Amino acid sequence: MAYRKMLKSKIHRACVTQADLDYEGSITISPELLKAANILPYEAVNVWNITAGTRFETYAITGEKGSTDICVNGAAAHLVTPGDLVIIASFTQILEEDCAAHEPTVVFVDQFNRLKEIRPERIGVKNKIPCSA
């Protein structure tokens, strides 16, 4: 059986609110956004910084319920600045024969990181949202 690594979900254009160099590595995300993106606590995620062009892998930890904070912790805090726009992506392994039917989930947030929309990924669709920290 052959598997492919496929995009499972992403939180699109979240705004970094904090960067905490002194905290152990991770990215803090509200439980509401984690649930919407089907990301578990301690699950590996890729973070792509739209503003700075940097990329890194870390793991998600659960923030406070109702919070709109996106906090990059540990050494990765060097790669972001509060106000940066990021994409937070999770991946899964899928049997090759199931890949054609796979639809990743995209979680859109507003400029304050509040949940705006959840939908399957659509190739070629653009959704520009300004970031106001």
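Including glycine, each Cβ sits where the backbone N, Cα and C put it.
Thr58 is the only one of Thr58, Thr62, Thr92 that Swiss-Prot places in the substrate site (with Gly74, Ala75, Ala76). Within 10 Å of Tyr59 (active site, proton donor), as judged by C-alpha distances, the recorded positions found are Ser26; the full candidate list was Ser26, Gly74, Ala75, Ala76. Same-chain residues that are not part of Thr58, Gly74, Ala75, Ala76 yet have a Cβ within 8 Å of the Cβ center of the substrate site turn out to be Gly25, Ser26, Ile27, Phe56, Val72, Asn73, Ala77, Leu79. Thr58 (substrate binding site) has a Cβ environment of 19 other Cβ atoms inside 10 Å.
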